[in-house]
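A short worksheet on the structure shown next.
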Ligand SMILES: Nc1nc2c(ncn2[C@@H]2O[C@H](COP(=O)(O)OP(=O)(O)OP(=O)(O)O)[C@@H](O)[C@H]2O)c(=O)[nH]1
Ligand SMILES: [Mg+2]
């Protein structure tokens with residue numbers, strides 16, 4: 001078994017229960033789990049290869065726990081990330097405040113990390129428009145202000161989920177060359193030296 | 001305690017015990033095991049895996065207080081009025097905003113729960129309640145806090161109140177106060193032990209250092225903010241305390257597996273080491289397959305149970321690889337370890353937990369797991385292990401004592417116990433909890449702080465019970481009510497012989513270190 005190589009580190013951030021795990025679950029396993037909500041504990045890592053043009057790029061996705069308990073720990077999860085999917089729940093305005101917090105944190109600590117603002121649970125809005133608490137245009141304006149991409153997704157129906165991750169991989173692919181020449185090492189900044197390519201270096 | 005454990009293990013390594021192979025043959029020759037620690041069935045051959053601990057090490061440290069408590073019990077009459085107030089308070093606690101999915105705390109149903117557990121801060125802020133919501137209970141908690149401070153002001157530490165078939169037990173562990181309200185016949189000590197577990201559960205999520213820090217800065221802090229999403233861990237731990245003999249016995253149980261296979265699994269795990277790795281634990285559901293530890297580092301059974309609870313309560317580790325901070329409070333209340341948690345295969349019961357000291361070491365741990373799995377999957381032991389998963393327990397009928405319904409056997413030196421599956425007569429949840437309650441009673445008698453018993457026989461309408469403790473083991477047996485005492489006593493020898501014969505399979509006889 002040869003270990004998997006990870007090209008781009010992607011981190012999922014956002015208030016608890018906004019649907020980070022469900023997004024990953026939908027994208028990686030093409031399913032939506034019903035049943036009682038299970039908080040993520042700490043964080044979970046999963047590597048997922050994705051075809052971009054004629055290339056295969058492996059995303060190393062960190063699904064973090066939204067609980068404040070892990071806030072102090074969050075740096076280890078987003079450090080060196082090339083992309084952050086900052087999630088908020090379209091039906092919960094407080095989750096958007098939390099998204100702003102994460103955006104600020106990333107802007108301060110991780111300037112090379114591209115931000116993807118993601119409004120979740122779109123299916124609920126479609127079923128009942130009155131549930132919407134975050135206006136599409138407000139979020140869009142905020143995204144433009146911070147130079148982020150903006151998506152509204154549903155993990156339940158699968159709406160826009162593949163598009164989101166595909167965009168992440170595509171952007172990585174388009175920027176990768178630029179990074180390689182810009183950085184003398186060719187390995188992501190701030191990433192522990194041998195951990196990123198932990199396997200290819202060994203073999 | 002920790003020091004003692006290490007001394008005990010060290011003396012074994014120095015060879016005060018017979019060499020392994022001689023011990024082996026002696027084991028086979030003398031089926032009636034020594035009553036001496038280290039030679040009982042299930043005792044490890046070289047060194048123990050766990051900190052060598054008495055069941056109640058936390059509480060015996062407070063032995064003087066125990067004595068004081070005895071005298072305090074006489075005062076419980078005084079407190080009964082306060083308790084009444086407490087109970088009345090419940091009925092006034094109708095909160096208009098009580099969430100609909102939650103229980104109505106003014107209801108009869110809420111009050112009739114067998115065991116309530118509350119956690120509050122020293123400032124009286126609610127932190128956790130087993131039933132209902134903390135908001136709805138804030139005035140109840142206020143009364144509790146008033147009780148605690150009232151008694152403390154008089155330089156007494158309030159430990160328990162008995163009234164109306166109801167026991168209220170307090171455990172003050174600054175900065176937290178834990179309160180148990182029980183209608184069971186459990187002793188105060190058993191209830192305190194359970195509260196202790198809940199305390200450690202909370203510490204394992206936050207560390208004691210962080211807890212102290214928070215409350216030093218803000219006495220009024222609402223800790224629920226930080227514990228959000230972890231309530232189900234505490235709920236589950238309480239459920240386990242009612243049902244899991246391991247928590248009662250301060251021991252863990254193993255997946256039955258031929259020792260030849262277990263040894264291969266252990267050595268594969270041993271080979272997958274890394275600098276920051278302290279413990280590698282392989283679980284099959286709630287059962288230990290093997291545990292490899294860094295030399296000189298011992299795990300405490302309480303910490304291991306907290307790990308079991310974390311893994312067992314959450315499906316969130318099912319996918320991908322988990323990486324989470326965890327404090328092992330009996331090891332060190334000040335800091336976090338980082339645990340790499342993953343299942344060996346997607347739908348498998350086998351869960352590997354790699355405990356590292358370095359929070360940056362995720363990819364190294366991930367690599368250790370890969371190496372372990374690579375090595376193991378080439379060997380037939382892996383097939384044997386998967387086969388063993390199909391029968392994780394055994395029937396008491398295998399022992400061949402017709403009157404014997406169920407038993408718990410703990411080898412003290414290894415900290416491991418074995419027990420058959422529940423028989424037909426104890427199939428329902430209520431019956432199983434009732435049986436566990438009986439075992440808890442026996443356990444209380446054997447570990448009474450001032451008048452401990454070596455053995456104990458009790459007949460009742462529905463079963464006969466026998467408990468026996470030596471320096472090497474603890475044994476609890478449950479017989480059909482038709483048996484006699486003589487029969488029970490002779491069954492012990494027979495059972496010990498059987499356990500000796502099966503110990504290769506039921507216990508981890510040769511634990512490894514890296
Ligand atoms: N209707 C609907 N429900 C969703 C959707 N995504 C998530 N949910 C529900 O929202 C709850 C929380 O989802 P999770 O994915 O576990 O949330 P999380 O962000 O990972 O939460 P933490 O791990 O605690 O940080 C679950 O009950 C999901 O079923 C969605 O797209 N549509
Ligand atoms: Mg999650």
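Quick reminder: no glycine exception, Cβ is built from N, Cα and C everywhere.
Curation plays no part in TrEMBL annotations; they are all automatic predictions.
Annotated in TrEMBL:
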COMPBIAS  B:66-77  compositional bias 'Basic and acidic residues'
COMPBIAS  B:88-104  compositional bias 'Basic and acidic residues'
DOMAIN    B:115-237  domain 'FUZ/MON1/HPS1 first Longin'
DOMAIN    B:275-373  domain 'FUZ/MON1/HPS1 second Longin'
DOMAIN    B:403-503  domain 'FUZ/MON1/HPS1 third Longin'
REGION    B:1-77  region 'Disordered'
REGION    B:88-107  region 'Disordered'
The domain 'FUZ/MON1/HPS1 second Longin' (B:275-373) [mean pLDDT, rounded to integer]: 92
Secondary structure content of the domain 'FUZ/MON1/HPS1 first Longin' (B:115-237), with strand meaning DSSP E or B: 59 helix, 30 strand, 34 coil
Secondary structure content, the domain 'FUZ/MON1/HPS1 second Longin' (B:275-373) (per DSSP, counts of residues): 25 helix, 36 strand, 38 coil
